[in-house]
Amino acid sequence: MSCVAGRILGAGKRLFYASSLSKHTLPDLPYDFNALEPVISSEIMQLHHQKHHNTYVTNLNMLEEKIYDATAKKDISQLVALQPAFKFNAGGHLNHSILWQVMGKDEGEPSKELISAINRDFGSMAKMQDKLSAATIGVQGSGWGWLGICPENKKLAIRTLSNQDPLEATTGLVPLFGIDVWEHAYYLQYKNVRPDYVKAVWKVANWKEISKRFSNV
């Protein structure tokens, strides 16, 4: 089975049949709201975390209750109708839970193993950053740019996804580092100049966490 097919099958089952008895909660930030300044302002971080991410969590819990009820009633039509909203809010929760962890201030350098893999698959760290930045800037509308790894062949890859589509469930790649290009992630500070925001984000990449995620695959 391919990297994509195998990972999507497992992740999709885990997502859609999540139990309504276990409520999702908004994870705490691993740093203060102002910790990423001047790259990302305290105001943006507070709104992004407490308003936007919290909304995904609230909606996800509500949708899981509806899914639980529809499953009990064997209401297949309702289950199908709930899938788009479930994917959107579950993806929003997953994506942001990763985002807070892979950003940080003065969080070390990439591990030797990660650098070796980046050099192998992209030529250099600079080339990888340029490729991911360009792809992310080019996302039409709202979405994400990701550096991920295929668990089957251990190759790194760059992907962009629309809206809140989660990387692993959509492509089979395990996310290592993500760049959120929904306007709420940067507009208050960078206005409509998305390239400046994407370029600056690399200054707050938490390489310690990114390297840990790489080594755990």
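Each residue, glycine too, has its Cβ placed from N, Cα and C.
If you check TrEMBL, you get these features:
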- His48, His96, Asp180, His184: Mn(2+) binding site (BINDING)
- 23-103: domain 'Manganese/iron superoxide dismutase N-terminal' (DOMAIN)
- 110-213: domain 'Manganese/iron superoxide dismutase C-terminal' (DOMAIN)
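Sorting each residue of the domain 'Manganese/iron superoxide dismutase C-terminal' (110-213) by its DSSP state yields 54 helix, 22 strand, 28 coil. With the fewest other Cβ atoms inside 10 Å of its Cβ, the least crowded of the binding-site residues His48, His96, His184 in this structure is His184. Cβ proximity to the Mn(2+) site centre (mean Cβ of His48, His96, Asp180, His184, cutoff 8 Å) flags the following additional same-chain residues: His49, His52, His53, Leu99, Trp182, Ala185. DSSP labels the residues of the domain 'Manganese/iron superoxide dismutase N-terminal' (23-103) in these numbers: 58 helix, 1 strand, 22 coil.
Same-chain residues at least 6 positions away in sequence with a Cβ under 8 Å from that of Asp180 (Mn(2+) binding site) are, in sequence order, Asn95, His96, Leu99, Trp144. Confidence annotation: the domain 'Manganese/iron superoxide dismutase C-terminal' (110-213) carries a mean pLDDT of 98 in the model.
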